[in-house]
């Protein structure tokens, strides 16, 4: 039951943060700001159910279903804060986008550590210094990759008809986040939160 409650909380928060993306992109989809916080929690419950169903055949499936939910929450926090920052400052490219992206990524990183440690990988007790240090190291590499991709894409790819600054910014962030997500999963699973095989299916 706890996993379903947490997936609902994560889904609602994901929907709320994506509202800032909707506002920045000026999407006109009817009721989208109401639909997101309602539909995403339902989708995450289904993801957890699927992970639980397949965990007997694939020991990593249930753990991955939780990582998927947390990954989207981190993704929405990163995107949401980035878009909110651009809305408030009017910055969509160039060097001043770097601190906005770093702030959004940092908040997402902190959220990622807490959710992945205590829920996805089910680690008990207080974090040890080495664990925190290795997590920061793995995540910093991902953050640097993320920022380089966002900066490079928004700065060096020219705009054309139909491609707005906000759209390019979010396209860059999608690419950056996909690469970062893959890097972080491998690093967290194999290095930071490495567990015996029997624990990985919990």
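In case you wondered, yes, glycine gets a Cβ from its N, Cα and C as well.
Note: TrEMBL annotation is automatic and uncurated.
If you check TrEMBL, you get these features:
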DOMAIN    66-193  domain 'GtrA/DPMS transmembrane'
TRANSMEM  5-25  transmembrane segment
TRANSMEM  31-54  transmembrane segment
TRANSMEM  66-90  transmembrane segment
TRANSMEM  96-116  transmembrane segment
TRANSMEM  128-151  transmembrane segment
TRANSMEM  171-192  transmembrane segment
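By the Cβ criterion (distance under 8 Å, sequence gap of 6 or more), the transmembrane segment (5-25) is not counted as touching the transmembrane segment (171-192), fewer than 3 such pairs being found. For the transmembrane segment (96-116), the partner stretch with the most Cβ pairs below 8 Å, chosen from 66-90, 128-151, 171-192, is 66-90.
When DSSP labels each residue, the domain 'GtrA/DPMS transmembrane' (66-193) comes out as 104 helix, 0 strand, 24 coil, counted as helix, strand and coil in that order. Remote same-chain residues near the transmembrane segment (31-54) are listed as 3-4, 7-12, 14-16, 18-19, 22, 61-66, 68-69, 72 (criterion: CB distance under 8 Å, separation of at least six residues from the stretch ends).
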